[in-house]
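Only one structure is covered here, and it is reproduced in the block below.
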């Protein structure tokens, strides 16, 4: 290669700066001493040419990323930093915020409703993640192993196409303790009706069930796509070795699906932590705060009580919590590795 | 270099667009002759349209635009309007949000207008003081007044062997419920037709409850427990306006709540949460689920107009000392501090506060005007439609009404107290919850 030659430093004849750099870098391990020297030299020589080239590229590159950067800066970065700032203030929207330091955080630590809401949210997350992942995994595997019908696959996705509010309203009607179809069926079967949204013990499980029903198709589809990446030869090999369907599911499918499953779990966790609309439509956090999830509490503090400073503090706490949970999950599940190669 | 110019140009254009958008947002509407007025009551929106038409006729070129938003979204939308700068010029407001808006300078004090026009506030018999803020200024004209009455299914009452005279003279005490307690036990029916005071009554399969949803989360209890507990002399606040604490831990209050909960447990009243919020108290009476209930005076004509059902209206119960005591509140008509047409907004608000408008709009029976002459006119008009409001006009005459306290931090108090009431009536908490409630109100009222 021309660049690696020591004698050629006066007249480098590489097609472009980028290629030269790449070659220099890849060449380095094999010809260690020479490569390093060339790299150093080219480091001196190359910029003189690439600087000119880069000067042309830079404005164009900036122009190209401008929409994305502007969108990110205006709609993500600025609100985030403003939210962090507001969490240290007493802010009621109509008057300018006043700096209160750590007062909001002190209030947060001693706010029983906040900790209760956190537990309620965690309960909802555990229920919807456990059942959500399980149901969608089973659905996807059954679909994958039994049918090739695209219609059936589409049907599974149907609940996902319904808006959250509509889904919650329809379920609320069906679960109504006086008029609901499920209640009528229950009364005929057991003689009693259950207040699905009206009793403390049932509120969160009912909400989690709606959420699982709603999202099951979407996650099943993701897992289904993951299943299609597993080569059929593996199952053939399994069958040759005399493995049953259940064994193949446990020993082949699940381990090979791990990256997809990890993603699905991370998505369900984030999704479940953000639950708001179905709660607002059905229980509004009641009865007696039994379904007062964190988002609901934050919303009420901000938009009903106009205590935006404290609401921002709670949002910040949720933000930190979500980052920690997601990071831990991804580390534990080794989501960026696959057992397929 | 050209690229940089393009970028710069693009940025400038965007900025210009943003700036012009802002200026057009704030500039638009000035000089227009439209008054926007908001209410949360769909029936009042229709009722006041009559006044709006008259007002437009008297003021050529002026348009009054009445908008109605459901009460669940009304105050959120109003706040968003304050922030965005497009709130209505004038609007109906509840005392619960008075302090929050006034302390943040969103309401226009009306004193200078009242002085200039020599507007006589004494024309209102109720509600003027409720809209006086801590700074001593008048921020609203009272729009209406409201009280609580007893509504009952006349046929069910007759079947149970009671007359209208019996309901009009019910007595009550927190220990055994008095004659009222006996009546609702007798009115309750299970699915086998046994009455609540008969042997073998099945409280788990009740067909008709003797009494409506008294076990509710409402923290003032205006249409539920308030007309009972106030006969004992109990009052919500430690003083009538701007209280520092709500007296939830008073023994008279705790005893009354125990009685309310006993009704739930005996099956004489529905359990909390049994009927969802989509079922109104009018629905409960019209469907025969409930035989008798207390309800707002603003519902009188709605109750009376239930098809194929004869609904009787009675006063609330007499307390241990033989007197009735009923909470009354007044909504206010506010002007937004940020309005571009304060003079025109005042013209509209003061017209709404006139006898001419009040008499006309209130014939619909959807609200009780605060002006006595209009109230009489309204009662007369409704009487000809077969709706007898004398129960409520008598309350005014007999001075059984007492005003609802004006307090701060209403939304926070509501959000903190309601779950506790729910927990108490659901049997999850015992009487010790009332001390917690009282302490909570103390700290929340201090914050306002």
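Going from the start of the chain as shown, residues are counted 1 onward.
For all residues, glycine too, the Cβ spot is worked out from N, Cα and C.
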*Which residue range, A:35-54, A:95-114, A:155-174, is the one TrEMBL calls transmembrane segment?*
A:155-174
*So which range, A:235-255, A:256-276, gets flagged transmembrane segment in TrEMBL?*
A:256-276
_Restricting to CB pairs under 8 Å, which listed stretch, A:58-78, A:118-143, A:155-174, A:256-276, A:308-327, is in contact most with the transmembrane segment (A:194-213)?_
A:118-143
*State the residues, same chain only, that lie 6 or more residues beyond the ends of the transmembrane segment (A:256-276) and have a CB under 8 A from a CB inside it; answer 'none' if no residue qualifies.*
121, 124-125, 128-129, 132-133, 136-137, 207, 211, 215, 219, 222-223, 225-227, 230, 234, 293-296, 299, 318, 321-322, 325-326, 329-330, 333-340
*Beyond the flanks of the transmembrane segment (A:308-327) by 6 or more, those residues with Cβ under 8 Å of it*: 83-84, 86-93, 97, 100, 104-105, 107-108, 114, 266, 269-270, 273, 294-295, 297-299, 301-302
*Are there residues at least 6 beyond the ends of the transmembrane segment (A:118-143) whose Cβ is under 8 Å from a Cβ of it, and what are they?*
152-153, 156, 204-205, 207-209, 211-212, 215-224, 227, 249, 253-254, 257, 261, 264-265, 268-269, 271-273, 275, 289-295
